[in-house]
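According to TrEMBL, the features are:
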BINDING   47, 48, 49, 89, 197, 248, 249  substrate binding site
SITE      158  site 'Transition state stabilizer'
ACT_SITE  238  active site, proton donor
Ligand SMILES: CSC[C@H]1O[C@H](OP(=O)(O)O)[C@H](O)[C@@H]1O
């Protein structure tokens, strides 16, 4: 599944598989301008840290395309659009990472003298970022697949699969890597209330790939681990602080605590772009609050009484001491994370 984010030359637009309607409907969402990209990010037409970064990269191209080339202040027009794009969602560092990479590449390229050249340059760079992400996910799969044993049942939380990246996935990349090595892997996909990325997206992806998957209610985690039905846990990440604390979908830290209690290895899988040198620890990671309707409704069905307030905190922080290892495209990072992240990840930037 590498075509859920597709640039159409014919339409001069980014075509997204609308993840809000999966698995029931496979529907395209067309982004013809930056506002469409911001809407798609904020409403989770497309979601998942690396996928957000790739989509934002194409959003920079669309920003260059919609500014009037006759405007003498065209560069300010582009920059203001990029600033708005970078604010679309606060937690996944990949969004700001992608926008900053596009901006820096422009500023470092003295050959770009007009808006048309900038647009062409950015379209090429967005395509490069998309290809790099798939390659990173497959490298994560090779390193992570080695951690799995034939016959393992792996629990995952939310969706860190092809749909959360440019393709192949991070946590699901580890699972696909194990399967590609000939290992018989089964998956328990936590449904992941309230947006149900596990029940709707992870189950959709793995079922299409004929990888055995069972959906579990989030509340079943402890019982499944107590019954020794879980051999390993692998999840994705939205931002990894310099000390190894991990921001990921709400509920992840609870799974990590239970995994530690039951003696089950807990791995995080993420590309280097998810590590943030400017965030020293998890307490500094901004956590997104999302619209109450995601909790009060399942689809169009209201499940909570009108007038009753709800919590809809979209991420939580897993302390680094609960993490067995972080699988990246450069290898598996093990504790002491402050030192190993600095030497393996930040040193190579
Ligand atoms: C491969 S990163 C996927 C990461 O993003 C998800 O959040 P959201 O669906 O809100 O974008 C979740 O935290 C996944 O682990």
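The backbone N, Cα and C atoms fix where each Cβ goes, glycine too.
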_Cβ neighbours of residue 89 (substrate binding site) where a neighbour is any other Cβ within 10 Å_ = 22
_residue 249 (substrate binding site) to residue 158 (site 'Transition state stabilizer') - Cα separation in whole Å_ = 6
*In the same chain, which residues outside the set 47, 48, 49, 89, 197, 248, 249 have their CB within 8 A of the centroid of the CB atoms that define the substrate site?*
52, 91, 92, 158, 159, 160, 164, 236, 238, 314, 315
*Return the members of 47, 89, 158 (the recorded positions) with CB less than 6 angstroms from at least one atom of ligand 1, or none.*
47, 158
*Which recorded positions (48, 49, 89, 158, 197, 248) fall within 10 Å of residue 238 (active site, proton donor) by Cα distance?*
48, 49, 248
*asked:* For the C-alpha pair, I'd like the distance in angstrom between residue 49 (substrate binding site) and residue 158 (site 'Transition state stabilizer'), rounded off.
replied: 12
_Among 47, 48, 49, 89, 197, 248, 249, the record's substrate binders - longest CA distance, Å_ = 17
_Alpha-carbon spacing, residue 197 (substrate binding site) to residue 158 (site 'Transition state stabilizer'), which is rounded to whole Å_ = 5
*Quick one: of 47, 89, 248, which binding-site residues lie within 10 angstroms of residue 158 (site 'Transition state stabilizer'), measuring between C-alpha atoms? Sequence order, please.*
248
*Other than its own, how many Cβ atoms are within 10 Å of the Cβ belonging to residue 238 (active site, proton donor)?*
32
